[in-house]
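Read through the structure below, which is laid out as structure tokens, and then see the notes.
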Amino acid sequence: MRRVGVLAGLLVVTLAFGYPFWWLVSASLKDRAHVFDNALLPRPFSPQNYVEVWQAVPLTTWIGNSVAIGLAAAASATAASALVAFGFAMFRFPGRDALFGVVLATMMLPAAVTMVPVYLEWHALGLATTQVPLWAQNLFGSAFYIFLLRQFFLGLPREVFDAAKVDGAGAWRLFTGMALPLARPGLIVVFVFELKAAWTDLVKPLIYLRETELYTVPRGLKAVLDRFGEGGEEQWELVLAASTIATVPMILLFLVAQRYFVRGTVTQHVEQ
Amino acid sequence: MAARSVTSREARAGWLFLLPWIVGFLAFTAGPMLYSLWLSLTHYDMLKPPTYVGLENYREAVADERVGTAMWNTVFFTVLHVPAQIALALGLASLLRRAGRTAGFFRTIVYLPVMTPPVALAALFLLLLNGQNGAVNEFLSWFGFTGPNWTTDPAWIKPGLVVMGLWTVGSTAVLYLAALTRVPLERYEAARLDGASPWRQFWHVTLPGISGTVYFTVVVNTIASLQVFTEAYAMYFGARAKQSAEGDAALFYVIHLFQEAFGSLRMGYASALAWFLFAVIAVVTFVQVRMSRRYVHNEGERP
């Protein structure tokens, strides 16, 4: 009897969480007259929505921008955060723990507090309307990832490092030759987390990107929503096709790197 | 002497590794915070240099009706959103724990919405929540309910956003699932021997066992919720002026701040608004930390 209850519950969960995806994909393949019919299958079937939206807006450019920015953001966040995390995990020196406290404290700082002054900094540098602010801050590491990678480094067997030190290995060799290969799962967590964050972010593109050619996928999608959605030309099938195009890469990323996402999410908890 | 030089070498190496973060902290956190504090005492429109005006921005913010609206909307949303998220995540996690070998599949289903770009989510739910022919209201009509106009009735816009937020509860649910698997099974057995019903087991075994995680998610979700921006902005603001009644109902604090800063270029005023939000979040977090001392049992959980 309990078993039946659990199965019924799981069925409801599958429908509730799966149906909006189904609706999105299905409606993106319907013609304009049928977008809102809530029919499960698109009839008539109109894949030309995808062609149309691809012709109406520079989707290829936006995807290229998002890929480039995402990779730059993820690579710099991973490299810099690993470096700093290794510093916190491996070396003992006065002030270290106090500094780490500051790292943790910055995680609690509302982004709104630095939004305006950081924009003015990029403006002063003449980079406020470029894509640079979307990833360059990651070159200095990011608090949550430093925290997460420090956990990974602390989990590595210390004796191995001590033995290598006795053999005369310098700090850099310990880092690149031993710590990085051993912490690879952690590095992948950081990389995929930041890739996802960069791909989905709307705030920074809204602040920094002016020209359509520089847009990322979410910024472009917002423009599509403004133009073809409510108050616009009411061509929702195009909005839905673009939304699907924006979503699919993230779904694929998750299916490929699923266990890293789950691990990263669970590691967040240790933060307290 | 030798030991001392090893220590100082270690210290130097350590500082070198920390250098990127220290530079970044000064350039993108500490420096901007000081700068913003100074800016909040000025009028600055990016055309002329900042002019010092003392506390005028703060006085204006307190008197500003839109700030009041935005703060009210944000708090109202948070008070609905956070408990709804926590309750659903707990329910989902308890259910997923009983899923046995299929748990991986259901975990994926629940997590996938978390991967959906918020703008895509906004576009999708504008239609699902549509009052006339949206799928949500059609579902409600099966049970004889007439659903509200979620996206156009000012009274229902925030509840609509809460409903939409439920769809991305997956990351919290995954956290709870991990916490649940750490509750010792013997405690359930002991409770069952004492004749405790499933409901009592939940209250007296499950909840105390994962209270640390619940506390953590309440604090983090509250902080995030007080800064709600993207979905609401994508749905109700932007190039097309749709900011009538609907817009005001979805005018959240950070949206207002964003508009003052990057729409009206009132950088000083926006800085004051930012510090106001910072103060609110600090107070709320402080109260939650104090309250947690009474309700959170940390034994059995990794701190």
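Backbone N, Cα and C define each Cβ position, glycine as well.
These features come from TrEMBL:
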type	residues	note
TRANSMEM	B:12-38	transmembrane segment
DOMAIN	B:71-288	domain 'ABC transmembrane type-1'
TRANSMEM	B:75-96	transmembrane segment
TRANSMEM	B:108-129	transmembrane segment
TRANSMEM	B:160-181	transmembrane segment
TRANSMEM	B:202-224	transmembrane segment
TRANSMEM	B:267-287	transmembrane segment
* Is the transmembrane segment (B:267-287) in contact with the transmembrane segment (B:75-96), using three or more Cβ pairs under 8 angstroms as the rule and ignoring pairs under 6 apart in sequence? -> no
* Structure fact -> Sequence-distant contacts of the transmembrane segment (B:108-129), meaning Cβ under 8 Å and at least 6 residues beyond its ends, amount to 92, 96, 135-137, 150-151, 160, 163-164, 167-171, 173-174, 230-231, 234-235
* Asked: Can you name the far-off residues of the same chain, 6+ from the ends of the transmembrane segment (B:267-287), with a Cβ under 8 Å from a Cβ of it?
  -> 36-37, 39-46, 50, 53, 57-58, 60-61, 67, 71, 219, 222-223, 226-227, 253-254, 256-257, 260-261
* Asked: Mind checking which residues reach the transmembrane segment (B:160-181)? Cβ under 8 Å, same chain, six or more beyond either end.
  -> 77, 80-81, 84-86, 88-90, 92-94, 96-97, 103, 107, 110-114, 116, 121, 125, 129, 136, 150-151, 206, 209-210, 212-214, 216-217, 221, 228, 231-232, 235, 250, 301
